[in-house]
Amino acid sequence: MPSSNTRVVYFYDPDVGNFHYGPGHPMKPHRLSVTHSLVLNYGLHKSLKVFRPYIATAHDMARFHSEEYIEFLQRVTPQNIQGFTKSLSHFNVGDDCPVFDGLYEFCARYTGASMEGAAKLNNEGCDIAVNWSGGLHHAKKFEASGFCYVNDIVIGILELLKVHPRVLYIDIDIHHGDGVQEAFYLTDRVMTVSFHKYGNYFFPGTGDMYEIGAEVGRYYSVNVPLKEGMDDLSYELVFKPVVKDVIDFYRPTAIVLQCGADSLANDRLGCFNLSIKGHGECVSFVKKFNIPTLVLGGGGYTVRNVARCWTYETSICVDKDLSDELPYNTEYFEYFSPDFSLHPDVNPRSENANSKQYLDSIVESMHTQLKMVQHAPSVQMQDMPGTIYPDDHDHLDDLDPDVRNHEIEEERRTEAENEFYDGDRDQDGPTEDLPAK
Ligand SMILES: [Zn+2]
């Protein structure tokens with residue numbers, strides 16, 4: 001395969017995989033460490049620029065969330081939780097979204113990576129930015145939801161909107177991307193497109209195809225409700241024509257792709273039957289449009305398959321073929337027993353409840369909705385608001401090498417050029433945090 005011209009940056013915080021939601025909780029940040037180990041042991045880091053990401057501040061998070069909510073996340077700990085009984089229910093924190101040690105730190109890390117990815121796309125520092133720790137699409141302005149506390153996607157899109165007139169959000173998590181849809185429901189600057197299981201009270205319960213946006217945002221929310229058992233062929237049958245229509249009609253200048261891996265077969269919480277290749281085909285298809293793209297993680301609750309999926313999708317971003325045999329030197333090799341393969345066989349747990357007729361009818365309805373977008377004058381006539389950098393001096397402008405904090409960026413670049421984590425001793429050294437503002 002010819003070497004790729006696509007410039008891909010990849011964010012990895014060595015601490016992010018060490019957070020725990022608590023015993024028995026299906027969301028396991030450890031999946032990020034397992035993914036990263038496969039990425040390194042396949043040698044994919046040689047085709048990427050690896051960065052330790054920026055850590056978001058409370059001020060950054062409050063660009064979308066309420067200050068009271070962020071302040072609560074900053075203050076609450078498993079030790080002082082008794083003092084917050086009222087706030088817990090007010091902010092929907094407790095069962096699905098537990099208070100755990102380092103909760104706020106965790107949010108600051110995955111959010112910072114999405115912000116910096118967006119900033120690098122904005123200043124044309126890359127074509128694709130990858131943050132597998134991000135993609136927490138359920139978080140709302142005033143509350144946590146579905147294992148998500150801070151919506152790094154919304155905050156990343158807000159960063160992209162400084163430069164990009166139209167941002168397309170595509171969500172292939174099995175759950176509806178409700179938090180992102182809600183945030184941009186009234187605007188045509190962002191089109192949200194979510195493919196998800198819908199019906200029978202499947203979480204979060206929204207995402208009917210009649211949710212199309214409102215006011216100026218009417219027709220700019222696209223929902224593709226699916227039934228259980230979606231396989232590769234069925235998914236392709238809807239994903240490709242809908243995404244092609246969306247891009248043709250909307251003409252986005254940047255894309256955010258949420259790659260939730262709970263749409264894979266045999267997920268602990270999901271009920272689709274996608275193979276890793278079938279899931280990756282979505283990334284491959286979007287990449288072919290050559291539009292600056294922020295690639296994010298999301299759900300995914302069978303750790304070994306999440307790691308396989310996001311490693312494979314990293315390889316798609318950099319146009320590298322990977323051997324089907326997993327690298328034996330990954331420290332998590334035993335997780336992949338008994339096949340030790342990147343592409344294990346899919347054993348469907350449920351019948352595909354989506355008939356060809358049903359899928360065709362969805363594609364048809366979406367086409368009708370998207371034709372309305374074509375005629376929306378604001379899309380046709382909108383000029384580029386930010387070809388020149390916006391003048392507001394908030395923190396991310398500090399990442400510009402021409403302004404202050406020059407050294408911080410330099411330090412990170414050095415780390416990336418040394419291909420950090422290439423040696424086996426790297427894990428032992430102390431990890432120092434970048435100064436956060
Ligand atoms: Zn999900």
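Every residue gets a Cβ built from N, Cα and C, even glycine.
Note that the structure is a prediction, hence the values are computed from the model and not measured.
If you look up TrEMBL, you'll see H138 marked as active site, proton acceptor. In the three-state DSSP scheme, H138 (active site, proton acceptor) falls into the coil class.
Residues annotated as substrate binding site in TrEMBL: D96, G146, Y301. For G146 (substrate binding site), the same-chain residues 6+ apart in sequence whose C-beta sits under 8 angstroms from its C-beta are D96, C97, H138, H175, F203, P204.
As annotated by TrEMBL, divalent metal cation binding site applies to D173, H175, D262. Note: D262 (divalent metal cation binding site) has non-local neighbours D173, I174, H175, R268, L269, G270, G298, G299, G300, Y301, i.e. same-chain residues 6+ apart with C-beta under 8 A of its own C-beta.
Taken from TrEMBL, the feature compositional bias 'Basic and acidic residues' applies to 390-437.
Annotation comment: TrEMBL describes 25-315 as domain 'Histone deacetylase'.
The region 'Disordered' annotation in TrEMBL covers 384-437.
Within 8 A of the CB centroid of the divalent metal cation site residues D173, H175, D262, the other residues of that chain are H137, I174, H196, G260, S263, L269, G270, G298, G299, G300. Summarised as a single figure, the pLDDT of the domain 'Histone deacetylase' (25-315) averages 97.
When the binding-site residues G146, D173, H175 are checked against ligand 1, D173, H175 have a Cβ within less than 6 Å of one of its atoms. Neighbours of Y301 (substrate binding site), defined as other CB atoms within 10 A of its CB across all chains, total 21. Counted within 10 Å of its Cβ, the other Cβ atoms near H138 (active site, proton acceptor) come to 27, all protein chains included.
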